[in-house]
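Engineer: Annotation comment: TrEMBL describes 1-23 as signal peptide. What TrEMBL lists as domain 'Peptidase A1' is 38-392. The active site annotation in TrEMBL covers D56, D257.
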Amino acid sequence: MAARLAVLASLLLLLQLVPPSSAVVLELHGKVYPTGHFFVTMNIGDPAKPYFLDIDTGSTLTWLQCDAPCTNCNIVPHVLYKPTPKKLVTCADSLCTDLYTDLGKPKRCGSQKQCDYVIRYVDSSSMGVLVIDRFSLSARNGTSPTTIAFGCGYDQGKKNRNVPVPVDGILGLGRGKVTLLSQLKSQGVITKHVLGHCISSKGGGFLFFGDAQVPTSGVTWTPMNREHKYYSPGHGTLHFDSNSKAISAAPMAVIFDSGATYTYFAAQPYQATLSVVKSTLSNECKFLTEVTEKDRALTVCWKGKDKIITINEVKKCFRSLSLKFADGDKKATLEIPPEHYLIISQEGHVCLGILDGSKEHPSLAGTNLIGGITMLDQMVIYDSERSLLGWVNYQCDIIPRSESAITSRL
């Protein structure tokens with residue numbers, strides 16, 4: 001009996017020494033269409049104030065539009081964040097060095113002692129200064145303010161001045177030293193550099209940090225390209241309707257980017273996809289005719305005899321796509337059913353949610369972005385600890401508890 005008690009005492013001591021898997025779970029808001037954003041509410045400052053931040057796995061820096069004062073800002077949902085001088089990060093600070101490392105630029109400290117920056121995106125830019133303030137996060141061990149460095153963006157360019165947007169800024173979830181996730185891990189808020197998101201086709205979903213929410217079964221895993229600055233599974237081949245022959249002329253370089261609403265293919269795979277889709281429609285669903293959509297973002301649309309309400313009404317007219325990634329003898333397949341690449345517009349048309357990246361964003365030429373539409377109703381996991389990308393079908397409108405791990409919900 002004494003021996004058993006000693007063993008039990010040793011096990012209890014071991015459990016106290018090993019920290020539990022940590023997790024932060026945040027509710028997602030928004031929808032692919034017509035919102036075009038997926039965002040969380042983040043409470044920032046002291047006292048804390050709410051801000052809507054667009055989740056973006058293609059960006060490293062988290063930033064808010066702010067009054068520093070603002071030169072060119074959008075009309076945002078909340079009153080602009082206003083930093084105090086003591087919140088400014090200096091140019092000499094290691095956080096500023098980390099930011100410039102992430103941006104791939106040499107740091108130059110001029111006459112200003114603060115850490116100024118300029119971030120260039122595909123179709124815009126943001127100028128700002130690095131600041132530090134409190135973020136209130138709901139973690140496994142309760143809600144407590146955590147000090148985080150982030151950007152105070154005071155100039156979004158003249159074309160964005162006074163243009164209404166549904167978010168206050170960006171939640172940078174990419175690969176880098178100054179990302180929110182990297183800072184949370186360095187502070188012990190989470191123990192593993194793992195994040196995931198689950199975007200529901202009904203709208204909303206959830207975002208999590210840490211590995212406690214990763215399903216224990218059913219996940220398709222593929223290695224992450226360690227040399228790539230973005231989350232990339234490397235090269236994949238594009239297939240149509242489970243066809244063994246690829247429709248892409250060559251393997252496609254792929255990036256997973258939650259900051260992109262739609263999916264963008266390079267010129268050749270896009271044209272190949274469009275060709276097979278149109279060919280299928282002309283043979284099987286002649287009642288759908290091509291039409292010009294008022295929403296210029298949707299470049300290829302079809303109308304039916306009556307206004308189309310749901311994708312289920314026309315799903316039979318379209319076929320599934322798939323991206324196949326190979327790692328030696330192992331293969332991982334990302335299935336892309338019609339509901340993961342089609343949109344029903346406000347005019348009642350069915351539109352292609354895969355766009356020609358070479359035309360929409362010339363700087364993306366040769367790059368293939370898997371955007372939010374193709375991630376719908378799947379938990380997508382970015383495991384930087386093991387350099388793996390994973391995905392699994394999931395009921396994304398059900399927000400999990402942060403206290404325990406979960407199993408796959410198909």
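Using N, Cα and C of the backbone, Cβ positions are placed for all residues, glycine too.
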Engineer: With Cβ-Cβ distance below 8 Å and at least 6 positions apart along the chain, what are the contacts of D56 (active site)? List them in sequence order.
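Structural biologist: For D56 (active site), the qualifying residues are I170, L171, G172, L173, G174, D257, S258, G259.
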Engineer: Looking only at the domain 'Peptidase A1' (38-392), what is the mean pLDDT?
Structural biologist: 92
Engineer: Tell me the Cβ neighbour count for D257 (active site), meaning other Cβ atoms within 10 Å of its Cβ, over all protein chains shown.
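Structural biologist: Around D257 (active site), other Cβ atoms within 10 Å: 24.
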